[in-house]
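Peer 1: So Swiss-Prot says this about it:
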type     : residues                     : note
TRANSIT  : 1-41                         : transit peptide
MOD_RES  : Arg42                        : N2-acetylarginine
BINDING  : Tyr66                        : chlorophyll b 1 binding site
BINDING  : Trp88, Ser94, Glu107, Arg227 : chlorophyll a 1 binding site
TRANSMEM : 108-128                      : transmembrane segment
BINDING  : His110                       : chlorophyll a 2 binding site
BINDING  : Arg112, Val161, Leu190       : chlorophyll b 2 binding site
BINDING  : Gln145, Leu155, Glu222       : chlorophyll a 3 binding site
TRANSMEM : 160-180                      : transmembrane segment
BINDING  : Ser165, Glu181               : chlorophyll b 3 binding site
BINDING  : Gln173, Arg184               : chlorophyll b 4 binding site
BINDING  : Gln173, Phe270               : chlorophyll b 5 binding site
BINDING  : Lys221, Gln239               : chlorophyll a 5 binding site
BINDING  : Asn225                       : chlorophyll a 4 binding site
TRANSMEM : 228-248                      : transmembrane segment
BINDING  : His254, Ala263               : chlorophyll a 6 binding site
Amino acid sequence: MASCGIGSCAFAGGQISSLKPHTNQLLGVGAGVHGEARVTMRKATTKKLTASASTSPWYGPDRVLYLGPFSGEPPSYLTGEFPGDYGWDTAGLSADPENFAKNRELEVIHCRWAMLGALGCVFPELLARNGVKFGEAVWFKAGAQIFSEGGLDYLGNPSLVHAQSILAIWACQVILMGAVEGYRIAGGPLGEVTDPIYPGGSFDPLGLAEDPEAFAELKVKEIKNGRLAMFSMFGFFVQAIVTGKGPIENLADHLADPVNNNAWAYATNFVPGK
């Protein structure tokens with residue numbers, strides 16, 4: 001569902017100098033403190049895209065806007081230099097450059113988690129409906145298995161990961177994800193600070209960022225698919241609360257009886273707690 005996932009554009013770009021300033025320019029003078037370096041990098045987001053990206057219909061002043069020819073003039077601070085900029089900001093959230101840089105990073109990271117999450121919600125349930133055995137395939141019920149007597153077997157196989165302690169799982173998540181996030185934000189083993197959104201290097205094993213034009217397009221695909229995935233996850237949350245079923249089962253019910261299984265029918269008959 002995401003044409004640009006975690007292993008591709010998600011962490012690519014560490015070596016593409018044509019699309020981002022040199023590391024020393026991003027760091028400014030005091031790169032010794034990670035926090036100061038990161039703030040300096042955020043201020044560096046006012047750098048313009050090079051010609052390779054500006055020729056794309058997704059970048060620059062002539063880019064595609066959110067309502068096409070009926071969009072009107074976008075705000076002056078939305079110049080089309082970043083992927084996913086369709087010239088829409090009615091709340092003025094991007095008016096401050098530093099807030100804009102921070103929100104851009106937050107959006108991209110949430111997009112990546114949403115793409116992984118949406119896949120994780122749908123795929124196990126889809127496999128279970130096609131004969132693959134799972135302890136519990138529905139995404140919002142699966143985690144509770146760790147509190148059962150038998151614990152939680154990843155992919156239904158006890159020889160892979162047999163989890164029995166929620167504290168151990170929590171500790172592993174903190175350590176492993178903390179290490180990855182630390183690398184993404186503060187750089188590699190030598191301490192070189194890279195772009196925290198597209199760190200490249202070890203995060204781009206397929207070398208997808210080597211072509212600047214293709215990389216610029218992958219960034220757009222990532223943000224578009226990621227925004228769709230965030231809406232999908234919101235829909236999955238609502239479905240779980242209202243119907244108590246997973247997304248695949250809800251889809252099957254709707255296709256079997258679209259008149260009685262749709263958003264309007266559930267909204268008009270929904271009673272919280274029942």
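Just so you know, glycine gets a Cβ as well, placed from its N, Cα and C.
Since the structure is predicted, the reported quantities are computational estimates derived from the model, not experimental observations.
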Peer 1: Same chain only, sequence gap of 6 or more: which residues have a CB within under 8 Å of the CB of Arg227 (chlorophyll a 1 binding site)?
Peer 2: Gly84, Glu107, Cys111
Peer 1: Tell me, which binding-site residues from Tyr66, Arg112, Ser165, Arg184, His254, Phe270 are within 10 Å of Trp88 (chlorophyll a 1 binding site) if we use the C-alpha atoms?
Peer 2: Tyr66
Peer 1: Run through Ser94, Ser165, Gln173, Lys221, Gln239, Ala263 for me and report the binding-site residues whose CA is within 10 Å of the CA of Arg112 (chlorophyll b 2 binding site), in sequence order.
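Peer 2: Neighbours among binding-site residues: none.
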Peer 1: Determine the minimum-neighbour residue: among Glu107, Glu181, Glu222, listed as binding-site residues, which Cβ has the fewest other Cβ atoms within 10 angstroms?
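Peer 2: Per-residue Cβ counts within 10 Å for the binding-site residues Glu107, Glu181, Glu222 bottom out at Glu181.
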Peer 1: Which residues of the same chain, at least 6 positions away in sequence, have a Cβ lying under 8 Å from the Cβ of Ser94 (chlorophyll a 1 binding site)?
Peer 2: Pro75, Tyr77, Leu78, Phe100, Asn103
Peer 1: Could you give the maximum C-alpha to C-alpha distance in Å for the residues Trp88, Ser94, Glu107, Arg227 that bind chlorophyll a 1 per the record?
Peer 2: 17
Peer 1: Sort out for me which one of Gln173, Gln239 has the most neighbouring CB atoms within 10 A, since those are the binding-site residues we care about.
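Peer 2: Counting every other Cβ within 10 Å of each candidate, the maximum falls on Gln239.
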